Structure formats: C-alpha cells, structure tokens
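Below you'll find the structure, written out as structure tokens, and then a few comments.
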DNA sequence: TTTAAGCCCATTTTT
DNA sequence: TGGGCTTAAA
C-alpha cells in the first residue's frame, strides 16, 4: 500500500525537481539536435563515451524512435542515458517517464544504472518497472472499473490451476480428459492476445470441454471477480479494457507520461502491444508521441509464449515518421565470434538486417571451435577438461558458461563437475517463492491480509493435518457458495452449527479463531513478528520440525529466510505484492563457479568463455519447434543459436555428439544444420582426438552431406575442405528424397528418423512425419513390423555386436557382447 | 492417512 | 529411462 499513488498529487510538486546541471533552458526537437551537432560546449559528461549512433538514440527525445540494438551494442546504456538526459535537461520529472521492462532483473538494473547517472532522482521514478508491476499499479488505482476492490489478490499459476480444476469439476466434466493445466495455458494464450471470453475465436472455444471453452472462461473470470483476484494476464487486460471504456482515465495517463520507453520490444505480446499503443497515443501534449522502443528482432526467442516479432518489425508503420536507429557496433565479442553469429543469423528471412562489427582486431583471438564427441558423456568430459585447463591458466569459473538447449542436458555436466570437484551453479530452475513451504506460508499470510482469499484458505486449511478431509472441505466450500461468503466465514458458521462431526468441527473452530486473532493483530504487530507467530501457532513450523525427511531442515531454513526478508517491507501487504510479482531470488555471486543454464535464460548475459553443447538435429534445432512452428519455428531456433553465440566475449566452443540418449533410448544423431551455416573463415573444427565423431559408417545424413559428417575420421582433414561444404540448400531435399526412396532396401541402413515413436517430438502412437522448413519430408513407417526377430545377431554403431533378447514394436532389447543389455530402436542396428 | 504401484510424459519461462 | 502424479490398497 505504501506506493499507492492516490495519496500523492497527480502531478509532481517542484520539490521533486531533478538536478539540472545544464543551466540553459531545454530546447526541443530539431533545435536540440542542431545544438548537439555544433558541439555545445556544455555537453554533459554522461554523453561522453557514447558512439554517434548511441548518442543520436539518446538525444532524439521527441517523437517515436526505434532503436535496433544488436547484441552487445550498449542497449542498456542507451536506455539509461536517455532517461538521464531527459531528466537533466528538465524535459520531464521522474514521475512523468514510463519505462517498461520484461523482468524484474532488468528493471532493477536499469534503476541502478540511472541512479549512477542522476543520483536520487531515480527514487522519484514510480513508473519504471515491468509490464506487470506497472499494470498492477494502474489497476489498483481504478480497480472498481474492473469490478475489483483495490486490495485484490494476484494469483500465481498454481492457484489458477487449482481454481480451474474446481470449475471443471463443477461443470460435471472429467478433469482427466480436460486437464486444468491445459485450460490455464489456453486462457493465458487468450489473455496474451488481449481476448476476453466474448472475443475468443469460435474454434478455440469449441476445442475444450466439449465445446464449453467459452463458458468455462467466462465462469473463470466470474470466479476471479468474486474472489477479488486477478491472474497475471489480467494485470494488463483489465487496464486495456479500462482505457477503452473510460477515455478520461486514459487521458490522465496521456497527460502524465511525457516519455515512454520500452525495453526488449521484440518480446512484447499482443496485449502488451495494445496496452502500449493506447498509452502512446499521446505523451504530454496533443499530437506528441514520445515513444522509444529498444529491441533486437534477431533475439526474439519467446514466440512460443505469445511474443510477436511483428510488433517490432512494423514499428515504423505503427508510428509514422519514426526514427529508426541501428546500433551495430559491438563492444563484447571478438571478430570471429561476431562473424560466425552474423553469418548464421543471415539465414533468417523477415528481419531488419543488421550487421554487427567491431574495431577489435587482436591476432590472438581464436576462431570459434567446433568439436565432435562420440556421446554426451564424452562431451561433458571434454568440456570439463577444457574448463580445468582454463582454470589452471587462472581463468575464473564465473567467466565461463555452458548454455544448453534443454535442461535435461544439464545433468551430465553436473555429474561430471561433481566428480571433478569443479564448482558450478545452475541458473534458473526452481525458484525460492515456488517452493512448497514458501507457498504454504504465503497462503497463511494471504488469508490474514485478505480474508476472502479462498484459494489460499483451501491450500492450508488442512496443513498441517487437522483431520479435515475432503468431505469437510467440500462442505465449507458449498456453504460458502450458498451463502455467498468467503470460505473462512463459512468455516466459522459451520463450526457453530452441528452439521459436521465433532472432530472437524473443533478443527474448523480453531482455524477460524486463529485467523480472527491474527487478523486483529495485523494492525498493531510488526508484520514479520506476526508472520512468525502465525507459523508457530498454526503448527506449521512444528510440522516440519517433526518431519524426518532429508529436506525438512532446509525447508525450515527457507521459512526463516522468508521471515527475514519481510523486514525490508513496510507492511504485510506490500510484501505480498512483492512476492506475487517478483518471483526471482538472487544467486550466490561470491562463489567462483561455472554457470550452467538454458539458452533462454542466458539472454542478456555475457561470458568470457561459452560452451554450447548439443548442436544436433532434433535437439537444436529442436524437433518440436520444427514440427509445431514450421519455418518460423526454425527461424526462432536460429535466433536462439544466435543468442547463444553472441553471449561469448572471447572463447566459444560448440559441440555435437553422434549418439545421445533420449528418454532412455540411444539415438544416433547428426550435426545441427546450424553448424553448416557458420562461415568457414571464422570457425575451426577441433581435432576430435580418439573419438569417432563422424556420421560415417555408411549412414547418410538425410539433409545431404555435411562438412561435419566426417569430423574425426582420418580420411578427412580437420578443415572445411570437405566435399560437403559446398552443399547447396537445394541438394538437401534431393538427398533426402534419395535416402528415403531407398529405405525399403534392407541393405541401406536407416537412421532413426521418422520411424521412431519415442524420438524427439513425435507423439506416442501417432507418429508425425518430419517437418523441415515447414515441408513434410518423410512419412512415418512405424506400423511396419520389425525386420528383426528375437535371437538375431545384430551390430550397433555404439555398442558393437549383440543378440536381440526382446522386441517391443520397433524397440529392441539387445544383449551386447561388451556393453551389456541396452534398449535401442531397430533403425540403429544391422543384421550381421 | 500413509504407502506402493501404475501411468503418463518428456523444450524453452516471465510475470 | 526416470520423475511427478494419481489411484488403489492396507
């Protein structure tokens, strides 16, 4: 409630004036640029050190501006300096600037860096934050226009799923057949597009719950309203609806915001776009549109969660007369790394087209290294060796990162580092506020703060166990519905009646009495003390103290940490809001450790040395991205590769393996097409040593020969001078057809493609054809009976000779002479 | 209420 | 293959 702006004057009092180092009055528009151009003697120091493009992006304050900022070109610097510039020129008060980011981390960083430039004035920037945090702020001011009270609760995904499950059951639908999780995702998708129940496409509405999708969505929204709650999507959708229905509300914001800045514009979804467009119709004065969007279309990697690259691509159409500024001078990476990344990304269509360059020219800089390994174990071992080697040369582990496409790849590296005794940290992963004990504790607090929070109530009413079974909870639920009151109140009523058996009645009475007492204490007890009391008196801490499992002590520790962190907030409410919006917890930076994370979570980061393992078809690009996204899916994968490459400052190592175990089955893999899209001049194929990394042995790469087919084979040198290098794109399909055309001949070895029903992406039972560049290149033949029988002697590329001991469809269990019993797909073995 | 056995699933993730 | 989750049984 602390930052609830209603107690503040809408426009700022002069006391909030920013420092104004420039004593000259601020000229506007062209005049400003003209003055800058003639090198005004009093150029403030924050401008020094900017390159011309950056400076232009900072100083073009009036009118719409799109800054296309390539990786490592100083994007954040431009954004923060621009704000500092606006402030110190006296063009706006801090509270008249709307600055939006996607993540809390980005917002925090921005705030910090502006602080360095302008000092205290940052504190007066209440409208710097994530889309969602700003959305909440707006919604709280006008909650009643969305049918909510201003103290509404924000539900997390967990709550949402439980709520939807209840609704599905209430409709008399089978919650197995219609999973709540799936419907939650559908709702999320609709809200990403800004669609309410009435606006969703008929097809979507029919696709769920026997055609009841729309009704269910409606029921969900109604339920949220009675609960006085919002989901994440609503934090933007409600404001959009309010802006449209109440122009005077929007008008106020138009008057208020003189400058709008948006970070990572390529990641905006349709709802965010609509929200922004409404606000950006006017900034400060009639006809004025001071919107500055910063982004990089080449780093758009969140299409799968609703981001529309199109938003950035059509910026100049949305805002006619927009100035487009390209930042292409890279300050991060070596020329080789940039060359490799640029060449790769050039394979994408539908992009603005930027070419990163650098002045850096150090002959010491090595090329990008491509390595082959036999399997993922060897891959991890080799990466580990390189890391130890670097460590011996006094490199910090903190400066190294392993970026994987999918998190299952992490395990092998972790295992390896454990045996080597190398420190590592996994970035991302399950977060503090998502832990069970934290959520439970938060549920207690939520009920205390907002008695109508039924979802929170239901979560903890029987935790710790109080003998309140399903039946009793159902009764509370039904009573609450019947009386139209929150469950807490219904519980109180029931405890006084004799509708329940003595045991649950007593339990309910105690719970109700507890909450009543805590709620009373809320106003006159420091909230962190109260929180501790709640957890003690409810028996929640005891529950974990009595728990003998290995995690219990850690959970108690987390609860302590939770209480400790509450001190920083002035009220229970503001703490709850913080947790709802800021789900991240900080990692231990003190420890020197190798960073392991997914490519997605690496966006925005940089490391001296980067390892990119798993560059194989099916994994990267991921088969599922190709199947579901066609050509645009492939392009997004390529952008992901680009993001990966551009994280590296000096050293970059790419890896691919010939064999990988997927879902317990060994699959033979072929090098990623992205490897072939790297330019020869900047890449070095590292010696594979003893390992046989080639895609040889008579198999054929269905995408046509690749220059990586024979890495490690002695008949070829380790260079690019392999025959496959000149492979034309057209040959790819041709070669593929040839390959598949001959598949019925037993002499031709088959690779695992198409026939697998457990391979990448293919669904069980219903095997899809494989799609590359959006075209179907091969149909599955899963129905084909296995050409082997039990007892057959076969040869496997990885495991050698063995006898088949069992056959399950196309899955063979084979007793190998050397490797022991393994399960493999029949496509990977040959009759001997 | 707790434990064991079957069952389904298997990119990426922020708020 | 292996983890998370639901169901069935004690």
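Cβ coordinates come from backbone N, Cα and C, glycine included.
Because TrEMBL annotations are produced automatically, they should be read as predictions rather than curated entries.
The feature ATP binding site is assigned by TrEMBL to A:69, A:70, A:71, A:72, A:73, A:74, A:75, A:76. Proximity of residue A:72 (ATP binding site) to non-local residues of its own chain (separation of 6 or more, Cβ distance below 8 Å) is seen for A:330, A:331, A:332, A:333, A:356, A:606, A:646, given in sequence order.
The feature compositional bias 'Acidic residues' is assigned by TrEMBL to A:1-10.
The feature compositional bias 'Polar residues' is assigned by TrEMBL to A:728-745.
Look at TrEMBL and you will find A:48-334 tagged as domain 'UvrD-like helicase ATP-binding'.
Taken from TrEMBL, the feature domain 'UvrD-like helicase C-terminal' covers A:335-604.
As annotated by TrEMBL, region 'Disordered' applies to A:1-28 (among others).
Marked as region 'Disordered' by TrEMBL: A:728-755 (among others).
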Exercise for the section: Report the residues of the chain - excluding A:69, A:70, A:71, A:72, A:73, A:74, A:75, A:76 - with C-beta within 8 Å of the mean position of the site's C-beta atoms, for the recorded ATP site, in sequence order. Expected result: A:78, A:296, A:327, A:330, A:331, A:332
Handout entry: Cβ-based isolation winner (fewest other Cβ atoms within 10 Å) among the binding-site residues A:73, A:76
Key = A:76
Fill in the blank from the handout: The number of other Cβ atoms within 10 Å of the Cβ of residue A:75 (ATP binding site), counted over all protein chains shown, is 23
Handout entry: For the binding-site residues A:70, A:74, the one whose C-beta sees the most other C-beta atoms within 10 angstroms
Key = A:70
Fill in the blank from the handout: One residue among the binding-site residues A:69, A:71 has the fewest other C-beta atoms within 10 A of its C-beta, namely A:71
Exercise for the section: Give the helix, strand or coil assignment DSSP yields for residue A:69 (ATP binding site). Expected result: strand
Problem - Segment confidence, the domain 'UvrD-like helicase ATP-binding' (A:48-334), expressed as mean pLDDT - result: 93
Problem - Helix, strand or coil at residue A:76 (ATP binding site) [DSSP, three-state] - result: helix
